[in-house]
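What follows is a short report on a single structure.
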Amino acid sequence: MEKRPLKGTSAIALSVSPSYQAFGDQQSSQNSANGNQHRGFSMSSDDDMIDITTTGTVTERSIHYDDPGTSHFAADGDEIPGIGQYEDFHTIDWQRDIARDRMRHRYIVKRRQNSLFDLVKGAHDAWSGWVCVLLVGLTTGVVAGVIDIGASWMSDLKYGICPSRFWFNREQCCWSSNETTSFETGNCSDWLTWSEVLGQSRTGAGAYIISYLMYIAWALLFASLAASLVRMFAPYACGSGIPEIKTILSGFIIRGYLGKWTLIIKSVGIMLSVSAGLSLGKEGPMVHIACCIGNILSYLFPKYGRNEAKKREILSAAAAAGVSVAFGAPIGGVLFSLEEVSYYFPLKTLWRSFFCALVAAFVLHSINPFGNEHSVLFFVEYNNPWIFFELVPFVGLGIIGGVIAAIFIRANLYWCKYRKTSKLGQYPVTEVLIVTAVTAVLAYPNPYTRMSTSELIYLLFRKCGVTNTDDLCDYNRNFTDVKSAVDLASAGPKVYRAMWLLVLALIFKLLATVFTFGIKVPCGLFIPSLCLGAIVGRIVGIGMEQLAFNYPHIWVFSGECSTMKDCITPGLYAMVGAAAVLGGVTRMTVSLVVVMFELTGGVRYIVPLMAAAMASKWVGDALGSHGVYDAHINLNGYPFLDSKEEFAHTSLAADVMQPKRNETLSVLTQDSMTVEDVETLMKETEHNGFPVVVSRESQYLVGFVLRRDLNLALAQARRAVEGLRPSSLVLFTSNSPQQPPQPGTPAPLLLKNILDMAPITITDQTPMETVVDMFRKLGLRQTLVTHNGRLLGVITKKDVLRYVKQLDNEDPNSVLFN
């Protein structure tokens with residue numbers, strides 16, 4: 001098709017998404033008065049200007065018009081993304097996006113009375129958020145069930161196989177045999193170890209060597225598959241994902257991090273890496289997986305898929321669902337999203353997060369991946385109340401947990417920095433195989449490191465009963481009545497042997513987790529942290545138990561322990577210690593306590609958990625300012641402005657703005673620059689936006705235009721407008737030039753409708769404490785600095801982050817992205 005040139009016009013006005021703007025109703029009504037909201041093109045009131053909107057053009061091409069919230073130009077099948085989208089590694093403008101959504105919502109509400117279709121469309125818009133989080137919860141629950149079942153089955157493949165039903169794991173296989181056996185040893189007739197599969201006996205030196213070698217071989221196979229899948233298909237699928245999720249929820253764009261390939265590879269990879277026996281967990285990556293699901297499903301609803309600020313409401317709900325299915329803790333998931341990962345969390349998002357976590361937990365409970373009546377991971381049944389004096393060892397466990405967490409964070413950060421700066425980072429698959437081989441070789445001889453970390457935590461939380469045969473329950477008790485209360489008794493030799501093995505397991509798990517967290521496979525930190533704390537807690541609990549047995553008449557034990565009943569529960573100490581280390585690593589408090597009592601069912605032990613979590617946080621903050629996730633955000637240079645930290649420096653906006661005083665500021669003028677001038681300015685600079693001023697002499701502020709919007713408008717004008725030349729004037733005003741164009745002079749291009757006429761501005765004397773609060777609480781992308789109305793400079797989010805790092809004696813250039 002040929003373009004039809006426009007003749008007899010004094011100005012060509014390109015109107016981009018008139019009702020899509022973020023600067024209020026006044027501008028929208030002005031556009032409406034000028035006729036800019038009609039499709040195609042129309043003459044304005046003074047008949048000297050032609051408006052070409054993104055919903056129409058003078059060429060005979062196919063145009064698609066959706067609604068004011070979706071502005072895109074389709075020509076010959078090629079779509080140009082609409083105004084309001086962002087490039088990769090850019091920060092979103094929260095205020096602009098929220099205002100766009102309000103304009104879209106007002107438009108829909110206004111049209112409800114027009115027709116039944118508009119009424120249905122308005123109803124769909126109203127409940128689309130609830131439908132979206134419902135779908136996210138359903139999908140997350142199903143995916144979590146598949147991951148739990150798959151990880152359990154592949155983990156048991158390292159030990160043997162169930163020939164009659166190869167899809168059964170060891171526990172299910174032994175259930176089907178109807179034999180009363182010990183699950184820890186797995187010695188039921190239906191379950192064959194690899195030594196038996198290869199024709200050897202179940203016990204003996206030969207069987208041990210075969211099992212040892214098969215354990216290492218399966219671990220290397222699973223780890224190599226996980227690392228290869230991540231490297232080939234989804235590099236973003238490695239790690240836990242929570243540091244990046246926090247950054248994305250704060251308003252940062254990382255294209256592909258929440259995409260479909262990342263979802264698939266992360267789901268498969270976490271099953272493989274957990275099955276390899278590495279010191280990691282699958283619970284942390286479930287938050288990343290759930291957010292991938294939320295991001296993908298949000299595109300079914302343009303209200304969320306095309307608005308980055310609104311999309312983050314869905315992602316916050318998805319993060320809550322991720323923790324809900326990871327631990328069977330829906331309330332803890334909501335609090336985790338609120339306390340740890342979300343940046344913008346209005347009351348509406350709280351309700352939807354609660355609903356999403358509820359649906360996800362219900363679906364997972366229906367699937368029943370653990371094969372029991374409890375949806376929680378480590379259900380415990382403690383009947384004894386805790387003694388008031390036990391608060392002392394509980395707080396002591398909190399202090400120990402904070403110290404262990406600080407040691408881990410410092411060591412892990414040092415190793416991750418070394419990986420980034422050395423040749424080791426160039427061989428990620430090799431590093432994974434080396435870590436896996438060392439872990440498997442050292443883990444197998446110790447029964448407490450050979451079993452999966454989740455099994456070990458459950459063993460440490462469990463209360464010793466009559467039928468328990470583990471070494472931790474080898475007490476010198478004389479059971480005459482199996483229904484009677486378990487008495488205090490002296491620990492047998494196997495208990496002390498188990499304690500020494502647990503000490504070795506603690507050292508091994510700590511070192512292994514330091515080197516494992518950060519390698520190029522999906523890996524979480526929740527379960528290893530719980531394991532470290534549970535080991536310490538169980539050891540302390542056994543010590544307290546033996547102290548009460550040997551000295552029952554000391555005043556601290558004289559009330560509850562004088563009758564020699566079971567007054568001390570070592571499993572409770574393991575639970576408190578687990579909360580202490582996890583709290584020290586992540587610096588969570590409220591959500592941690594709720595997750596722990598939902599995780600174990602131990603509601604009556606909230607006070608000990610609170611005491612340990614608070615002590616752990618205080619010690620952790622004293623030994624290091626950041627939790628592990630914030631530390632990795634700083635290490636990777638993500639532009640994350642933490643809303644929990646205070647800005648205590650006395651400085652002014654003039655100290656931070658760019659450029660400094662007496663330096664030239666890159667600006668656009670409202671009516672004196674040509675298309676060529678604008679293109680030259682964009683080629684010579686890399687700024688993401690440009691202030692628009694009256695003239696270079698006066699420098700009075702008119703508005704602000706984004707680089708992306710300007711590029712889109714110019715590119716669209718070249719296609720839609722005949723006669724556009726490099727010498728055409730670019731106007732950011734609604735008025736035509738005062739001087740009539742000379743014959744042969746190209747018509748000006750009017751771009752006022754991409755101009756933000758109400759940008760956030762501050763003065764050069766504004767305290768930086770106020771500026772930082774504005775960036776945190778308003779979600780600003782940039783603010784303009786003025787003095788008596790004259791433009792002086794710009795402060796971007798990156799400028800603020802660099803300045804904060806400079807004042808904290810850190811490298812300001814570590815903030816990598818725009």
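Note: Cβ is positioned from N, Cα and C throughout, glycine not excepted.
Note: TrEMBL annotation is automatic and uncurated.
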Per TrEMBL, the range holding transmembrane segment, considering 286-302, 354-370:
286-302
Remote residues contacting the transmembrane segment (127-149) - C-beta distance under 8 A, at least 6 residues beyond either end:
267, 270-271, 282, 286, 289-290, 293-294, 297-298, 300-301, 303-304, 313-314, 317-318, 321-322, 324-326, 348, 352-353, 355-364, 366-367, 369-370
Mark yes when the transmembrane segment (286-302) and the transmembrane segment (525-544) have three or more Cβ pairs under 8 Å (sequence separation 6 or more) and no when they do not.
no
Near the transmembrane segment (425-444), which residues from the same chain, at least 6 beyond its ends, have a CB less than 8 A from one of its CBs?
212, 215-216, 219-220, 223-224, 226-228, 231, 276-279, 419, 450, 508, 512, 515-516, 519-521
Does the transmembrane segment (498-518) reach the transmembrane segment (387-413), going by 3 or more CB pairs under 8 Å (6 or more apart in sequence)?
yes
Given the transmembrane segment (286-302), which of the listed stretches 212-234, 254-274, 314-338, 387-413, 572-597 has the most Cβ pairs that are under 8 Å apart from it?
314-338
Helix, strand and coil totals (DSSP H, G, I; E, B; other) for the domain 'CBS' (755-812):
23 helix, 18 strand, 17 coil
Model confidence over the domain 'CBS' (755-812), averaged pLDDT:
87
Would you mind listing the long-range same-chain contacts of the transmembrane segment (314-338), meaning Cβ under 8 Å and 6+ residues beyond its ends?
129, 132-133, 136-137, 140-141, 144-145, 245, 248-249, 258, 282-284, 286-291, 293-295, 297-298, 304, 344-345, 349-350, 352-361, 364-365, 374-377, 526, 588, 590-592, 594-596, 598-599
